[in-house]
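S.K.: Found this in TrEMBL, in case it helps:
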ACT_SITE  D258  active site, proton donor
SITE      C174  site 'Transition state stabilizer'
Amino acid sequence: MATLQAIKYSPGKLLVLDQLRLPHEHHYDEVSTAEEAFDSIRSMRVRGAPAIAIVAALGLAVELSNGACTASTAEDTVTYIESRLDYLKESRPTAVDLSNAITKLKQAVRDANVEGLAPAEARQTVLDTYLAIAEQLLAKDLENNTAIGTFGAAWLQQQYGATPERPISVLTHCNTGSLATSGHGTALGIVRSLHAQNLLKHAYCTETRPYNQGSRLTAFELVFEGIPSTLITDSMAAALMRLRRGDMAIGAVIVGADRVVRNGDTANKIGTYALAVLARHHGIKFVVAAPTTSIDLETETGDGIVIEERKREELTQISGAVVNADGTVDPNRTARVATADQRINVWNPGFDVTPHELIDAIVTERGTVVKGADGRFDFSKVLPERWRW
């Protein structure tokens, strides 16, 4: 099945799909410096925790490939790389994939074996080490997403006894598909896997205010791949669960994660918490799909997660392609319109934290984690190397 490609990389060149122009226009930005990677992430032309980490890592990789680092020694080269990574870390502070990737990249260049090498050769070894690890992040993410889809579909099939004759429907929030990752997706990857196995009756997606990642991106992916789907506003979720749960066999809400902490509390796009409350009230499973790179074992609870607050205009203004009088869309003409009185005060957190008590399962590339008898998530089986400090 053809899927969308948000990131195109070859050594020395990185192209990133401008998601602000979707669904009406496909345009790739060339990213060749850390500053361009930062701007792409911060402006949300690229978004999704895995994709953010990959673009940051590869953006710096291209910069290094093009000779931006003029350090003459291995030590100074490491210092340069670490300073650039520290800069990139500030582009989206809530998403833990980015900080985890940066930690991994820093450790790799520090551990590069330069003993006995001449200064120029040692410097190149550090650069080559960085490039190799950054490129591995891209390849590993696709592998992880495919595994998440397989594990998530299997768990839901077991919960409901789903078959091609008795498929289930699901609701998803924000965008967690190919556009948010290197391919396949996390939560939307589970939807894809269910569909591929003829276990999916229907997929519902929220528009995901205020940035409309659901209507702009997820709806686009679902239609692109021919998955039976329906778009709803965020405020319709409760009515959907109450009125259509039975006839549409709505079995789960499946979401992604920007950060999962040690007890299972999960930060994700604003509105996720409300969906978890609704799912619990209506007896619908609430599933988080997250690679282990999104799990932060150093933060004990969700109270320790820093929530990014975004600019007020995201709530009071909106941009889009112009609709002609005959109903056709003209992607070459865009307009920005006010949707609220511009004098109103605005509170615009980009994320909320769903308490672990409301989460039924957390699906990773290493398996599905459910709560034990004590009501707690235990990540020791999927993260044995990091579980004990």
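From the backbone N, Cα and C atoms, a Cβ is placed for every residue, glycine too.
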S.K.: Non-local Cβ contacts of C174 (site 'Transition state stabilizer') (under 8 Å, 6 or more apart, same chain)?
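M.R.: Those within reach of C174 (site 'Transition state stabilizer'), by Cβ under 8 Å and sequence separation of 6 or more, are T206, T208, Q213, G214, T218, V255, G256, N268, K269, G271, T272.
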S.K.: Please work out the number of neighbouring Cβ atoms within 10 Å of the Cβ of D258 (active site, proton donor), leaving out its own Cβ.
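M.R.: Taking every protein chain into account, the count is 29.
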